[in-house]
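Enquirer: Pulled the feature table from TrEMBL, pasting it below:
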BINDING   37, 38, 39, 40, 41, 42, 43, 44  ATP binding site
REGION    1-21  region 'Disordered'
Ligand SMILES: Nc1ncnc2c1ncn2[C@@H]1O[C@H](COP(=O)(O)OP(=O)(O)OP(=O)(O)O)[C@@H](O)[C@H]1O
Ligand SMILES: CC(=O)N[C@H]1[C@@H]2OC[C@@H](O2)[C@@H](O)[C@@H]1O[C@H](C)C(=O)O
């Protein structure tokens, strides 16, 4: 464990969204978070000790990769294709893999399920159409709760989407809590901090003193690059950006990609994994290296354009998610954004575990009826809580 529960990591953190919301009874407890993101690479599991307002300690974290056949099975039902029977079969397998991830994590932490207040189970997004008030994350909360013997909060996005919100991003309230726990004095110049997650899709949280966090999906993250690499190299990742580094950006193709109407849409806004997949066929005629360079530049350019929707350009970008492991992408971001672009490890956070931790935090907020989404993060009409509770 990176810190003991008795020695708060963020003892000075004001509450999210505000210190006055903390009731006397707020108790910090262990919670597990589970995230299986749009990269379809596996399940991230993480433990935090928190009261859902501040984070007292980080526990260990784990990634449990999907076996190749599960990855293919998930791909086959994206968009809710394949029929309900096929979806139910994938959901069962996926839920059991999540259970194994929790069991491994608890064994590593030396905790039992009874010592965990709640598990936050995001599940796998297989369709996200907020404009049609529909989003679907598969994952059987009741099955997981019964197997683990502890409460599980799941289906985090539906309530927000039904209320007219985007149902994403959900992590901003956790970004806010982490940033509030940091003493920026003497460390940073004043100004706006952007927390950028480069997963399959990329999303940003903009944190400015005295203002509600603003958040939205910026555009593609790694998913287009992963799919391109799979087609051209047989491996679903451009490992360390090696392919993109050898290529040249095709300016005409990049122009076509950036002409997608998503970029002129005002936030709140969110994306599904494959929303740019059809348009990205415009790089098909390029060499493997040039295509990778152009798709990497697309991710970067989308982040640069995201600044148009921010009240102030960020003074620094803190990057989490798998994209920060890609040095070609990080170098291009630094050059394009022209301000410090750092992995979140510069703040002592774990950029691979952060999203999973966030679902532990969100589950704790569910238990206390605290809001998870806000008009400035998802466009919901008023701050609201979400998720469904399954008891063992
Ligand atoms: N060494 C590396 N070089 C290049 N890319 C990498 C490297 N390590 C991880 N990645 C990228 O990170 C991706 C995984 O990122 P992450 O786990 O943050 O995504 P996710 O959580 O599934 O997505 P999302 O946040 O959209 O839900 C991989 O698919 C890969 O593209
Ligand atoms: C519908 C859905 O699953 N969206 C994911 C996806 O992956 C990144 C980006 O798009 C983000 O908005 C969201 O996940 C993170 C965890 C979020 O809700 O904050």
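Every residue gets a Cβ built from N, Cα and C, even glycine.
How buried are the listed features, and what sits near them?
Expert: Neighbour list (residue 39 (ATP binding site), Cβ cut-off 8 Å, at least 6 residues apart, same chain): 199, 200, 221, 222, 223, 226, 322.
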Enquirer: Which residue, out of the binding-site residues 40, 43, shows the minimum number of other Cβ atoms inside 10 Å of its Cβ in this structure?
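Expert: Each of the binding-site residues 40, 43 was scored by Cβ atoms within 10 Å; lowest is 40.
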Enquirer: Taking only the binding-site residues 40, 41, 42, 43, which have a CB closer than 6 angstroms to any atom that belongs to ligand 1?
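Expert: By the Cβ criterion, which requires under 6 Å to ligand 1, the hits are 41.
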Enquirer: 38, 41, 43: which of these binding-site residues put a Cβ within less than 6 Å of any ligand 2 atom?
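Expert: Checked binding-site residues vs ligand 2; flagged 38.
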Enquirer: Give me the sequence-ordered set of same-chain residues, not including 37, 38, 39, 40, 41, 42, 43, 44, with a C-beta within 8 angstroms of the centroid of the ATP site's C-beta atoms.
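Expert: Near the ATP site, beyond 37, 38, 39, 40, 41, 42, 43, 44, sit 35, 36, 66, 199, 200.
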